[in-house]
Amino acid sequence: MAPMGIRLSPLGMAVFCLLGLGVLYHLYSGFLAGRFAFFMLSEPVAGGPETPHGSLPGGAVDLRELLAVSVLAAVRGGEEVKRVREGNVLNAKAKGKTREGAEEQLTTGDLLSNRRMFYLLKGAFPAVQINSEERVDTADQETVSWDRSIPEDIKQKIQPKEVPAESVTVWIDPLDATQEYTEDLRQYVTTMVCVAVNGKPVIGVIHKPFSSYTAWAMVDGGSNVKARSSYNEKTPRIIVSRSHAGKVEQVARQTFGNKTVIIPAGGAGYKVLALLDVPEKNQEEADVYIHVTYIKKWDICAGNAVLRALGGHMTTLTGEEISYTGSDGNEGGLIASINMNHKALIEKLPDLEKTSHK
């Protein structure tokens, strides 16, 4: 019996229950909807915030994207190199000696270019290993973003290609030919980026900061540069380091004859470009590039990739392929050529290998 003698009819009970259910629905529907929305926002989606920028689901990276950001990194680093040189604020100092006893120079241009290139690449592809000539100071970290745009020439020539992130090693040279940079021999200076997959160089970018020229290539993909069509294999023009000209000249002339031309030059990037069809006023032309001593891999990886993409070769002086994993140095010297009989060149220059370990 209801209080005070009031008796509720079955219809009244039904209305009362419906009103109660309505109140409960109003109270909890907002709460449940909020929890559902929170759950949905918290779930990672492909390409969303939980997927590292530059990485694809499954830990893969797109080589076409890597090429695009590598070109941008080389250009951005080159801007720093050019700005420091034109402002004459190099602050050059010795950072050590080469195996031959020559002093290695370090400038503000090296450091600023390195910071810009490293953090741009690392921000775009955080899961990829990056090796650089200069040490990265974490206290001097810089946020450099990439808008993920791909230049039209790369879009037209290169198709997307995914590879596992753990198979990729990026080698960057923030300022190649530092000695020449300090001497204001600007034509030799380059910034370079190389992408190696399982130790094999597959993407190469060589940028000349003082002329704004950039060469890039991807193995089994495409390039914006071509090999020269005219070579003289009997009396080749051999490009070598300025400090090694004497070592190479005697053996080269004995092998190829007295008409052989020796071209002393600075920078490994510049020497590789000498083998190609480069529309540069200050770019010399050569048929063969030879280096007879120890050399760091960030100096040669980009050039090696470009040559491979165009059908050329860069090997040790004994013809072994150079692996871009493990240590950062190549002990066996190098010989590089394109559109020539590379094996025959190696057989003609056996005595040069003996000097590569000195």
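Glycine too: its Cβ is placed from the backbone N, Cα and C atoms.
Curation does not apply to TrEMBL; its annotations are automatic.
Per TrEMBL, the feature Mg(2+) binding site maps to Glu133, Asp173, Leu175, Asp176, Asp299.
Within the group of binding-site residues (Glu133, Asp173), the Cβ with the highest number of other Cβ atoms inside 10 Å belongs to Asp173. Minimal Cβ crowding within 10 Å, among the binding-site residues Asp176, Asp299, is found at Asp299. Taking the Cβ of Leu175 (Mg(2+) binding site) as reference, residues of its chain lying under 8 Å away and at least six apart in sequence are, in sequence order, Gly77, Val81, Thr107, Gly109, Asp110, Ser113, Asn114, Glu133, Tyr181, Val189, Thr191.
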